[in-house]
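Read the structure below first, then the notes.
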2 protein chains.
Amino acid sequence: MRLTILGCYSATPRTMTNPSAQVLEMRGHLFLIDCGEGTQVELRRNKIKFSRINHIFISHLHGDHFFGLPGLVSTFRLLGRENPLHIHGPKGIKEAITLLLKLGDSWTNYPLHFHELTSKDPETLLKLPELEVSTLPLDHRIYTNGFLFKEKPKERSLDVEAARARGIDRAYFRKLKQGLNVPDREGKEVDHREVTLDPPPTKSYAYCSDTAYMEALIPQIKGVDVLYHESTFLKSEEHLCEPTKHSSARQAASIAKAAEVNHLILGHYSTRYKSLELFQEEASEYFGQTHLAEDGKVFDF
Amino acid sequence: MRLTILGCYSATPRTMTNPSAQVLEMRGHLFLIDCGEGTQVELRRNKIKFSRINHIFISHLHGDHFFGLPGLVSTFRLLGRENPLHIHGPKGIKEAITLLLKLGDSWTNYPLHFHELTSKDPETLLKLPELEVSTLPLDHRIYTNGFLFKEKPKERSLDVEAARARGIDRAYFRKLKQGLNVPDREGKEVDHREVTLDPPPTKSYAYCSDTAYMEALIPQIKGVDVLYHESTFLKSEEHLCEPTKHSSARQAASIAKAAEVNHLILGHYSTRYKSLELFQEEASEYFGQTHLAEDGKVFDF
């Protein structure tokens, strides 16, 4: 599981800071999450192949999370894309993108599918053999979802020699890998655990931006490997969190701790602060495994 | 007159090349012309004060000329802008920008005025005491205008000592500066040229992008000081000009020569070419005073 941060700052793009966008690689799939202005340039800078992106997830329709999308959709066309592109985002996103394409008389020559979201309850957006993606409804000024990416368990690894020695016909190997008990040559049941090993543990990633402190999130992200939680402010500016519906680093860390996640990544920083270290210090008081998102940073988990 | 090139490449933004956007400073006014994705970052990089921009001119609604506009309009709000902003561009631009603001529930707190263009004939968009801006209808795949910025003549400079010596009452000084003849103390008419000097010559700037080779443009831009004319291709790819409605460097130079402009600036280059020098060489064969636009380059005329 690899996470590439393309942008992790709030509000407007600046010369040294990009608005929200990141690429999650999971089981060979590349997912683009949010798409602030300049995302297509950051994809190039980070040498991410455009053609590998088939699903884009947009949390909400504030400009710093989706004003890069019209340009990216257009660029896919110029690059000769043929594969379908799926865009998952709040209702309205289809009207916006299609209007912009219509005004430029620039229809895509590849299939463009919009999956518009309106539900305030979690829903599954994508089911693949290897993983699932579902929404995490968040508490922001406008309708907003985070996204939960969960690998499905891989098959158990079979010790072929051991299985043969135990007298199991190869016709049963597939069932063993699926964790089922099978008969040996004499028809006696063999516990699959005798000849298989547990699959590697599954990974999961939760993207939560933008949101106010929200305890209802905790059970939904319980035990995920990696939580990206926005921390626009420090606790010294926590009075700004309620009116703007953002979180502080302290609040992000409290959520991470209560949800017993393995790693917390902070991001969506206000540019009012001189140093990101302040976010790390504050969050680490409450949750040890805290990491800082930075534009261009790659996390391998 | 100062022209700052923020971006001068065609198609998509890349790590080293920005799409169309430029700032013209004329008689103390700053005009933003086109606004490709990333323009607000380039404004910052070039240290141009956002608050000095009150008029934005958009040539056409292809993404590489206006996908930076929604973000810029939003950033003006975040910066606390209060002055009205005027956006001049093709019909549809108002619907696009207002839809994006509506989706983000991010109305501007400053007055935003759209001046939508539909005419295929030249029209005056802005009349200020010091200058005028009018359209240059162009020949592109969708409705497109160039823009002509023309200073109005300044007043003549008065030699106050000479005027007094010639026996002219100071009540007449204003008329002299305006180029009118006035009476001396004895009532005898004085030729204003005896006591005034010609004002500095007026400057003019024509922005022509995107367009196919278009001879009808020549009389409209006759004798301008500076012509920015797109040259997406070289003459070796001139067969692509007609289907895409773009121009070659040779064609841009032919227009400059026929219109007897003082300076030609080339831009809107296709990124297929390895070196911009090829554009300069080709155009210079036909027109001597050829300059190359480059991102971040500043021209003082």
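Here, residue 1 is simply the first one shown, and the rest follow in order.
Yeah, the Cβs are placed from backbone N, Cα and C, and that goes for glycine too.
Note that the structure is a prediction, hence the values are computed from the model and not measured.
Per TrEMBL, the features are:
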- A:HIS60, A:HIS62, A:HIS140, A:ASP210: Zn(2+) 1 binding site (BINDING)
- A:ASP64: active site, proton acceptor (ACT_SITE)
- A:ASP64, A:HIS65, A:ASP210, A:HIS268: Zn(2+) 2 binding site (BINDING)
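A:HIS140 (Zn(2+) 1 binding site) is surrounded by 21 other CB atoms, counting those within 10 A of its CB over all protein chains shown. Here A:HIS65 (Zn(2+) 2 binding site) comes close to A:PRO19, A:SER20, A:ASP34, A:CYS35, A:GLY36, A:ILE58, A:SER59, A:SER209, A:ASP210: these same-chain residues lie at least six apart in sequence, with C-beta atoms under 8 angstroms from its C-beta. Within the same chain, residues at least 6 positions away in sequence whose Cβ sits under 8 Å from that of the residue listed as 'active site, proton acceptor' are A:SER10, A:ALA11, A:THR12, A:PRO13, A:PRO19, A:SER20, A:GLY36, A:GLU37. Same-chain neighbours of the Zn(2+) 2 site beyond A:ASP64, A:HIS65, A:ASP210, A:HIS268, judged by a C-beta within 8 angstroms of the site's C-beta center, are, in sequence order, A:SER10, A:PRO19, A:SER20, A:ASP34, A:GLY36, A:SER59, A:HIS60, A:HIS62, A:SER209, A:GLU230.
Proximity to chain B, taken as a Cβ less than 8 Å from one of its Cβ atoms, holds for A:HIS62 among the binding-site residues A:HIS62, A:HIS65, A:HIS140, A:ASP210, A:HIS268. Cβ contacts within 10 Å of A:HIS268 (Zn(2+) 2 binding site), excluding its own Cβ and spanning all protein chains shown: 28. Residues A:HIS60, A:HIS62, A:HIS140, A:ASP210 make up the record's Zn(2+) 1 site, and a Cβ search at 8 Å around their centroid adds A:SER59, A:LEU61, A:HIS65, A:LEU138, A:ARG141, A:ILE142, A:THR144, A:SER209, A:THR211, A:LYS245 from the same chain.
Taking the Cα atom of each, A:HIS140 (Zn(2+) 1 binding site) and A:HIS268 (Zn(2+) 2 binding site) are about 13 angstrom apart. Long-range C-beta contacts of A:HIS60 (Zn(2+) 1 binding site), restricted to its own chain and to partners at least six residues apart, with a cutoff below 8 Å, comprise A:PHE66, A:GLY89, A:PRO90, A:LEU138, A:HIS140, A:ILE142, A:TYR143, A:THR144, A:ASN145, A:ASP210. Spatially close to A:HIS62 (Zn(2+) 1 binding site) yet at least six residues away along the chain are A:ARG141, A:ILE142, A:ASP210, judged by Cβ distances under 8 angstroms. According to its DSSP assignment, A:HIS65 (Zn(2+) 2 binding site) is helical. DSSP assigns A:HIS268 (Zn(2+) 2 binding site) to coil in the three-state reduction, outside any helix or strand.
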